[in-house]
Structure formats: C-alpha cells, structure tokens
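Here is the structure we will look at.
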Amino acid sequence: MSTVPRIVGTRLLQAVPLLIATVVVNFAIIHLAPGDPVTMMVGEGAVSADQMEALRESLGLNNPLHIQFLDYLTSVLQGDLGTSYVYHQPVSEIIASRIPATLLLMGSTYLLSTFLGLLFGIVAALRPSSLQDRVLMTIAILGYSVPTFWLGFIALMIFAVELGWLPISGMVESGLEPGSWEYWKSVLHHLVLPVAVLSLFYTGLIARLMRTSMLNSLRGDFIVTARAMGLSNWRIVLRHAVPNAITPIVTVLGLQIGLMLSGAVLTETVFGWPGLGVLTVQAVAQRDYPLLLGMFLLTSVMVIIANVLTDLVYLAINPRLRSNG
C-alpha cells in the first residue's frame, strides 16, 4: 500500500475514537452546565410552570442524560444535528450560513500570518542580534503577548472611532447587491481590522519559531558543504536552509486551525463579524444545546482534517518519509 493512502487511513482510524470521546465530553459539559435552556427560550415567568414542563418534555430534556446522549448520537449518525432551540431551524443550516464569513476571516488571517511570520523569521535569522533582528522579534513578542480582544478594542477606538478610516462592526454595508464590486469592496473594507488584529498574534508565533528553526538550519553541516561548493548565499538560504527549517513549522501551521477557531470567537465578537465565533457566543448565552454541540462537532472535525493535511504536507516536503513508506 502506498504511503499517502496508508497515512490518511491511519489518521482517520485514529480520529474515530478521539471524535467519539470529544462528542461525549462536549455533551456532558454542555448539559451539566448551570442554566435552563427553556427559561432562556421563553423568559423568566413568561409562561406557567406546566407550560415550561411541557416544553422540556417535548425537547426531551426530562429524559435521563444517557438517554439524551443516545438520542443525539443516533441523530448525528443519521446526519441530523438537531434543531436550534432559539432559531427553530436545523443546526446544519444555521452553521452552513455562517461558515463562509468565518472561512473568509480565517483564510485571510492564515495566509497573511503565515507569509509574514515566515518572512520575519527568515530575515531575522539571517542577521542575528542585528537591529532588524531586534525590531522584528520585538514586534513578534508583542504580537503574541498582547490579548487579542484588548488589541481589537484599541484598534477599533483608533481606526474606527477616532480616525473613522474603517467600519466599527459587521461584514458588509446594508443595501448592497451581493456579488457586485461595491459589495466586495465593502467586505474587504470591513475585513481589514479583524484580519490585522488576529494576524498579529499568529505572525509573532510563527516568526519566533521560524527564526529558531532557521538558525539551527544555518548551523548544519550541509550548509557548510553548500558554501564549500561555491553556491551563492541566496541559493544556500532559499534552496537548502529554508526547506530544512520549515519542516518543524508545518506542525504549528496545522495546529493553527484549532487556535484560529478559538481566536475567532473573541475577534468576531469584538468586531461583530457574523461568523461561527459570534454564533458560538450567542449559543452559550442562550443555552442552545443543539447549536453548541453542532459547533463543537464542526470544530473537532476541522482540527482532525487539519492534522491529516499536515501529515500530507510533511510527505510533500520530506522525501525521506515517502521512501520509508
């Protein structure tokens, strides 16, 4: 069996018990947390106690916890994530409507932070202890040390409230025709601040790791051999040092998917970005159990897929793994 299908198959098989354990833990935490979803739905004292009890019965909340879990697991295996308590719509439809906004935010952040992080790390490592190294690493340290939500509020106050350069919240101006140039121009305008704030953290993290990995790579024996062969510095850096240094960073880039999903919760809330992060916060506040479980299940699946893709990238950049397969 070839290496790629074997690795993908192995990772997917390993993911099955992990996914089941995640579903069990998430279900238990959500249902054992304080708060009554029925009270959140109808309001305190809005209906009689008998009506509230009838609503709990119709939602299956009076059943023992293990019965509720088995019912939920059966529905999930059939492709049914349930119906939202608050929106009264299928959970899958609600999540699907929010995915594009989050993918746009995460994708833009991922590409920008990866490019800048690798660039800063490489440039800093080429001249260690120099002014450019100190400046870039200072920016990197500040980037992943400052809380994202605090930085988001500061950015809003400066660029949106005081200067008025960028919009305060949302994803697009109302009244614009979807797909038109003005529509996408408005989307890009709204995207600037959340992407900049979220990218600063991940850029700093990648830059620090890339600098360390790059310094180790530049001290390798193969670099000495390349210089003895008379290769130019840029050829040595780009063809030999960088490919060797970037291999450990691939793991971080894969783990970033899960980190970005958690970071998106705060960032989307601060900037009012209508994605999965805001939806998660609303579901927590409203005790919308089916919606919360659907969100957590989606997050788990995305992290598993990211790990499989990370393994495939390892195969692409490291021929020794393919030959050993």
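Quick reminder: no glycine exception, Cβ is built from N, Cα and C everywhere.
Any TrEMBL annotation is an automated prediction that lacks curation.
A quick note: this is a predicted structure, and the numbers were derived from the prediction, not measured.
Taken from TrEMBL as is:
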- 99-314: domain 'ABC transmembrane type-1' (DOMAIN)
- 12-33: transmembrane segment (TRANSMEM)
- 99-123: transmembrane segment (TRANSMEM)
- 135-168: transmembrane segment (TRANSMEM)
- 188-209: transmembrane segment (TRANSMEM)
- 245-271: transmembrane segment (TRANSMEM)
- 291-317: transmembrane segment (TRANSMEM)
Recorded stretches the transmembrane segment (99-123) and the transmembrane segment (291-317) touching, at least 3 CB pairs under 8 Å: no
Range from 135-168, 188-209, 245-271, 291-317 with most C-beta pairs under 8 A to the transmembrane segment (12-33): 291-317
Recorded stretch, among 188-209, 245-271, 291-317, maximising Cβ pairs under 8 Å relative to the transmembrane segment (135-168): 188-209
